[in-house]
Amino acid sequence: MTTPALLPLSGRRIPTLSPGASSFPHHRATLRLSEKFILLLILSAFITLCFGAFFFLPDNSKHKRFDLGLEDVLIPHIDSPKEGKHASGQVSAELTASNDLFCCLFFFQMMKHAWDSYRQYGWGHNELKPLAKKGHSTNIFGNSQLGATIVDALDTLYIMGLHEEFKDGQEWIEQNLDFGVNAEVSVFEVNIRFIGGLLAAYYLSGQEVFKLKAVQLAEKLLPAFNTPTGIPWAMVNLKSGVGRNWGWASAGSSILAEFGTLHMEFVHLTYLTGNPAYYQKVMHIRKLLAKMDRPNGLYPNYLNPRTGRWGQHHTSVGGLGDSFYEYLLKAWLMSDKTDTEARKTYDDAIEAIERHLIRKSNGGLTFIGEWKNGHLERKMGHLACFAGGMFALGADGSPDDKAGHYLQLGAEIAHTCHESYDRTVLKLGPEAFKFDSGLEAVAVRQNEKYYILRPEVIETYWYMWRFTHDPKYRQWGWEAAQAIDKYCRVSGGFSGVKDVYSSNPTYDDVQQSFFLAETLKYLYLLFSSDDLMPFESWVFNTEAHPLPVLHLGNITLPGSEPAQR
């Protein structure tokens, strides 16, 4: 559906916000009559929109039902939580349903601007150059126009109720998305963005085309596993099936976060198709890793697919390692907590990470460093900030009654990552930040000062909000959203910035597909009801694509052994 112009294009010009304001918008009694009238018009328009949606949304009864133990639930537009607690010294005012609604509308309009700009200037291209106002692509997608932004954004559009835009994306996929092209793509990236995005769109809408396209692509990825060890190549040519690894990756090694971030999607592929190959491929990877020695209990980031030996002993919970650990935990959650092998592997890995990588700075900030050849580098990447949410998500079920400990650890990581934002001029986080030589949570190198619309910090805010309902996480999310809208929004979409410590930053001129898939989705969910995409029913892949928990009961996946609790 086409959305009425509820808000100005720039959130900085909304009457209830002062420029650069860092707190929630509160509708004070001192508002002028004209401002009250504008606010009433906004709320009235939104209520009208919701009533229209109630009558015109697709009838879910026509959609395929899945025997997953889930109820068929319409995705609501916005259903604000009834939370009204005060945070001690963090948020001075009570959160209200009207504030939640206002913030969701703000994110809704950000999504509309990002999508409409891509629709106008980059349609069919993988991503958008919002200043040049033309399409953009990178080597992870090969040399073909695969519409990465369309596929990546589908479920965000659906969750936000943008069904007309969703239909436009579906029509493009039906008519144009072709995986038979001569293009060399990243197995990891097309799995999390394309297969994850298509499966999520299928489960949300019930439209068969999305399942069909996901399976077509998955078949094109299978040749990447044709290595002496079964550890897949990083890249594969979709037409020829020839695979290879990145030239820079430790003497031709595969990367832990890439070959270790296939499990969720491949298990669902086997579940939906009955083809055991997908499940068997990812379980083979798990079994191979279980047999290998791990230095200090840590998983190095590089593994040679020819020899089955570790490459450089570099361990990170940020780039190169991150989502491997995430998928161990989420494999357990997605199996309705029956995959106890995945849970045990996760617990053992996190124990080693705590022992060797997690430290507290002189200023009291908890951070996750990187292990390089026996030495701890006191640097944390923006990508590692997702771990705060991961620790919170994995708290329940942790061994030795340590649930409280891991929830607290998640809160400490969230605080550190917020500090990395708060200590910049733009209030946006750098790509990496150090904790030595008197500097804490600050980037040192110029090539680490950029912000490319990344979602990991906001992702952790969302998880921490869901598990604690501490309003500071919404406060921090709102601050980040304002900063993104102020400094990254341009007439042709949203762009990353090259220096978050400069008051006059230059743009990188790229609207990343993950900005629509993750950053805006997490912001929207942060201010929505816990009943929207509840954790009991959905598990989000590392690109924020929701996949349903498989309540398999006595059912056994093809190619697997019966699960034991």
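Here, residue 1 is simply the first one shown, and the rest follow in order.
Each Cβ is built from the backbone N, Cα and C atoms, and glycine gets one as well.
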Review point. Pick from Cys417, Cys488: which one does TrEMBL say forms the disulfide with Cys385?
Key: Cys417
Review point. If you draw a 10 Å sphere on the Cβ of Cys385 (disulfide bond), how many other Cβ atoms land inside?
Key: 31
Point to revise | Asp322 (active site) and Glu189 (active site, proton donor), Cα-Cα, nearest whole angstrom | key: 14
Check your understanding: Using a 10 Å radius around each Cβ and counting other Cβ atoms from all shown chains, which of the active-site residues Asp322, Glu431 yields the largest count?
Key -> Asp322
Point to revise | Those recorded positions listed as Glu189, Cys417, Glu456, and which of them has the most Cβ atoms within 10 Å of its own Cβ | key: Cys417
Study note, to complete from the structure: Cα-Cα, Thr542 (Ca(2+) binding site) versus Asp322 (active site), nearest Å, comes out at 9
